[in-house]
Amino acid sequence: MPLKVLSTVLLRIALLVAMFHSTGNWAYIWTILHPTARPNSPAAWVFALSLIGLAPLAERVSFLSEQIAEYAGPTVGGLLNATCGNAPELIIALLALHNGKLEVLKWSLLGSILSNLLLVLGSSLVFGGFANLGNERPFDRRQSDVCLSLLLLGALCHVMALIFRFITNTSEYKGSSITVLKLSRPCSIVMLLAYAGCLFFQLKTHHQFFEAREDESDEDDDIVSSAPVIGFTSAIVWLLGMTAVIAILSDYVVSTIEAASESWGLPVSFISVILLPIVGNAAEHAGAIIFAAKNKIDITLGVALGSSTQISMFVIPLTLVVAWIKGVPMDLTFGFLETASLVMAILITAFVLQDGNWHYMKGFILFLCYIVVAICFFILKTSPNPTNGGHLDDD
């Protein structure tokens, strides 16, 4: 019951943000509450409250997609979950692309991958390890092997694009028609094909790899229910409505992120890579921790690794294809710090999961790795630069 109350309160906050921002009353209200506030402070509050409002909306979208999957069957349901599971990230990315903020786009998507691999999985293993101290059951490595292989393929594309950007500036290739875009665009098609192959593999030929074990489906489980609790038509209508509100709040987040950065004294890269994913995926994070505490580590791995794979192999290349259609010169290059963080996160996660066993110490290491990455983006001041595709510029 407390979770429902909290979700209702946050949803009302989200609607109030939309109402007051559209009517221009934020400046008046904030001036009354804080007469000495800086001019950009109301925009920073719009950013903060919009970000908070995204959390319950993301949880409701995930719930509605699961309800529709009960009617549509496993194949359509799987595709729907793949599309709706990371709806906030996809909408924020498309809005950032529309506004020409390629650096915010790349940072937010990178942050989602890092958050799922290090923060979500790490905190889940920590809480689950302490809750099941000495009773941790081995997990099925086949699911994690598939997801990590896809993540390594995505990392390869990013690394090659970054290397390509530098070798084309050498004297050997100076003045040639070779560009990073010519590499990034075909690579994005390859990534989408790989993700489509993964869906076919997951839903058709080897679905048993991704199913929870029978002994994990207890009769008294109050989290997972096989019977839908809402009608198909109602679920579709509510899903469209929630998606529309997410789009409105995401637009506020994208348009006010620089004002929030200036008002709070935080780098835009830190807000995009760290704060956006933590708040946007709060409900998903909580679910992964709950499953780990119930010793259902296979479901936790499906949440953390599955979401990371969706972002890396579906959302990022899809956004690049949309940019290609719109004529926006977006490529797969992130920058040295971003690329190194991505590659190391994937390698560390693969190393931690290689033996098929888990305990709280492994999660603690992943969590500390995330802290190190957060410190790097917090200390390194960055300035968005649309001309370089969002690479880091030291102040």
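For all residues, glycine too, the Cβ spot is worked out from N, Cα and C.
According to TrEMBL, the features are:
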- 43-203: domain 'Sodium/calcium exchanger membrane region' (DOMAIN)
- 235-377: domain 'Sodium/calcium exchanger membrane region' (DOMAIN)
- 43-63: transmembrane segment (TRANSMEM)
- 109-134: transmembrane segment (TRANSMEM)
- 146-167: transmembrane segment (TRANSMEM)
- 183-203: transmembrane segment (TRANSMEM)
- 223-249: transmembrane segment (TRANSMEM)
- 269-292: transmembrane segment (TRANSMEM)
- 299-326: transmembrane segment (TRANSMEM)
- 332-353: transmembrane segment (TRANSMEM)
- 360-380: transmembrane segment (TRANSMEM)
Let me check one thing: do the transmembrane segment (269-292) and the transmembrane segment (183-203) come into contact, meaning three or more Cβ pairs under 8 Å with sequence separation of at least 6?
no
Intrachain neighbours beyond the transmembrane segment (109-134), with Cβ under 8 angstroms and 6 or more residues off its ends:
86, 89, 93, 151, 272-274, 276-278, 280-281, 284-285, 288-289, 291-295, 297, 300-301, 303-305, 307-308, 311-312, 315-316, 319, 334, 338, 341-342, 345-346, 348-349, 358-370, 373
Considering the transmembrane segment (299-326), which listed stretch of 146-167, 183-203, 332-353 counts the most C-beta pairs under 8 Å:
183-203
Which one, 183-203, 332-353, 360-380, has the most C-beta pairs under 8 Å toward the transmembrane segment (146-167)?
332-353
